[in-house]
Amino acid sequence: MILSDWDIRVYIEKKLLIIDPLFDDTVRENGVDLRFGDEFCRFKRENSVVDTSRDGVDNVLECYRVRGDGFVINPLEHVLTTTLEYVEFPHDLVGLVNLRSTFARFGLYIPPTVIDAGFKGNITIELVGSTVPVKVYPGQRFLHLILARTSSPVYKPYTGKYQGQRGVTPPKLDNSSSKNF
């Protein structure tokens, strides 16, 4: 069941759902709006190959802390960014992340993203650029997070490798299963 603004406010007031900072316009009719943080990472324009079975992406990412000048997402470029808000999910809520339609109308796109029950941290999001350069700014509301209640609290809440992440978090490889297809 998707939570209404009323249900979301109850979760927040009972401190079952943490959103920090929480703005007056965060809670919407059927979800919450989240803002761009000030960190953006883009892939270096090199011909090096990232081997997903053993390489991290630290050597191929260029990361920036952006202030009032904004950040330009180039045509068809894949960019990692983060939410300003730190969130903590209870064991009976999951989040479905959507790009706000204003940014989709500029041609930006995000892949389907699910926030697991029990997750804590800033949300790292991949943005895919439009056919034209698009400039975005820290603090702009860019995501709409739909909250859904599970039929019961999950047996094993999220405790994975991205738990507690702050800012943009590049992919983390689990080398123990990297070549097991």
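Any Cβ shown, glycine's included, is placed from N, Cα and C.
What Swiss-Prot records for this protein:
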ACT_SITE  GLU126  active site, proton donor/acceptor
BINDING   ARG100, SER101, THR102, PHE103, ALA104, ARG105, ASP116, TYR158, GLN165  dCTP binding site
REGION    160-181  region 'Disordered'
Alpha-carbon spacing, the residue listed as 'active site, proton donor/acceptor' to GLN165 (dCTP binding site), which is rounded to whole Å:
15
Measure the Cβ-based neighbour count of THR102 (dCTP binding site), defined as the other Cβ atoms within 10 Å of its Cβ.
11
Quick check on the recorded positions ALA104, ASP116, GLU126: which one has the highest count of other Cβ atoms within 10 Å of its Cβ?
ASP116
When you look at ARG100, SER101, THR102, PHE103, ALA104, ARG105, ASP116, TYR158, GLN165, which the record names as binding dCTP, what is the longest CA to CA distance in angstrom?
33
Would you mind checking how many other C-beta atoms are within 10 angstroms of the C-beta on ARG100 (dCTP binding site)?
16
Measuring CB to CB from GLN165 (dCTP binding site), give everything in the same chain under 8 Å that is also at least six residues away in sequence.
GLY121, ASN122, THR124
May I ask you to report the DSSP-based helix, strand or coil state of ARG100 (dCTP binding site)?
coil
Structural state of ASP116 (dCTP binding site), classified by DSSP into three states:
coil
